[in-house]
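Colleague: Swiss-Prot feature annotations, pasted as is:
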TOPO_DOM  1-57  topological domain 'Mitochondrial intermembrane'
REGION    1-35  region 'Disordered'
COMPBIAS  1-12  compositional bias 'Polar residues'
COMPBIAS  13-35  compositional bias 'Low complexity'
TRANSMEM  58-78  transmembrane segment
TOPO_DOM  79-124  topological domain 'Mitochondrial matrix'
TRANSMEM  125-145  transmembrane segment
TOPO_DOM  146-186  topological domain 'Mitochondrial intermembrane'
TRANSMEM  187-207  transmembrane segment
REPEAT    188-280  repeat 'Solcar 2'
TOPO_DOM  208-250  topological domain 'Mitochondrial matrix'
TRANSMEM  251-271  transmembrane segment
TOPO_DOM  272-303  topological domain 'Mitochondrial intermembrane'
TRANSMEM  304-324  transmembrane segment
TOPO_DOM  325-370  topological domain 'Mitochondrial matrix'
TRANSMEM  371-381  transmembrane segment
TOPO_DOM  382-390  topological domain 'Mitochondrial intermembrane'
Amino acid sequence: MNQKKQIKSDNLQQQQQQQQQQQQQQQQQQQQQQQQQQQKQHIKYLNSNFKDVEKNKILVHLIAGSGSKLVESLVMFPLDTIKTRLQFQGDFSRGSIKNRYSGIVNAFKTTIRSEGILSLYRGYIPHTLYVLPASAISFVCYEAIVQEAKKSKKFKNMMFDTSGIKAVKETGEDLRNGGSTSTSSGRFGVLLPIFVMTIARITGSVLRTPFDVVKMRQQVSGSLVNEHVKKTNSTAFNSALKIIKTDGIIGLFKYSYVSLLRDLPFTAIYFSTYEFSRNYQKHLINRGLKSGEKKKKLSSINNLISGSLAGAFGTTLTIPIDVIKTNLQTQDLLPKEKRVFNGVISAFKYIIKNEGFKGLTKGLSTRLIHIVPSAGLSFCAYEYIKKLLL
């Protein structure tokens, strides 16, 4: 009897255990179903807000591009003001007083002492109104070019791998043998964003000119007090109205082609240097990996280095046209008899004659101090914001 009771109790325990296991399994299944439903709802929510993943990416690049530029401009704009003043003060050789600033440090001290620290942000509003949307569009085009270029194997080798010489040789052999690399859909895909970037940059340079003219005149007019340049605390809007009143609406777009001469090569050098540096660093940090090992990703420091190099190369190679641009767009602050520049060639000859070739690099150190960390910070912030959103 005792054995029978024991058997019954054992059976009951087994049944209870089985029931508990079944209940646990049911609970797990219910949890899995709930998780799946939540995932489906989340996907539906994302799809309702972003119907197309590519549109979502474009929005991310727009936000990251404008956000990175906002961070960079807040930190670095004072250096842009100092750079503009140093470049402009060469015009005093046509006035009645000598150069006011002896260098970067002296310019900072003099400006803050005589006008206050906020004067370093004079012209910031017209600058921001342009650079935020322009930066957003530039980064969207840049991402499109990179993604489309990576679809083409040979283009990828030439642009993104360190073994680019071999790819160039192969491409040349294809052409010599009667083949055409342009038939690749990847290369056609690359041409479109490059074309879009070019058109966007041309349009942007023209539209940027009024903001640049107002910004630079505000930057220089506050401190250069002599019989030619009067001190003013006018707003950006009032400065624009004054230009229109004096020179008409075309005064805001004067020498817009000079902006184009600077911006197009700068953009090409800027983004290509950044991408080359990033991919070269990827090659360096992953060259010791064995087959099957996960590739290491670039850190914020790597992005900072790449961005800084891009800014350094772009700035150094385009500084002569930047000096000419500043002089052309600010000389209207002087009386008509003191305006000796009629265009790029005229400005180039005048600067060489009176200041030598060194005059074409005026403000380079300040511009490098401004652009190099600005570019590094901008790309670093861009990659970080993009990582957060994607």
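Just so you know, glycine gets a Cβ as well, placed from its N, Cα and C.
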Colleague: So which of 125-145, 251-271, 304-324, 371-381 is most in touch with the transmembrane segment (58-78), counting Cβ pairs under 8 Å?
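Modeller: Per the Cβ count, the answer is 125-145.
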Colleague: Quick one: find which recorded stretch in 125-145, 251-271, 304-324 has the most Cβ pairs under 8 Å with the transmembrane segment (371-381).
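Modeller: The stretch I would name here is 304-324.
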Colleague: As a test of reading the model: what is the averaged pLDDT for the repeat 'Solcar 2' (188-280)?
Modeller: 74
Colleague: Tally of helix, strand and coil residues over the compositional bias 'Low complexity' (13-35) according to DSSP?
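Modeller: Taking each residue of the compositional bias 'Low complexity' (13-35) in turn, the totals are 23 helix, 0 strand, 0 coil.
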Colleague: Counting only residues 6 or more past its boundaries, what in the same chain has a CB within less than 8 Å of a CB in the topological domain 'Mitochondrial intermembrane' (382-390)?
Modeller: 57, 60-61, 63-65, 67-68, 139, 300, 303
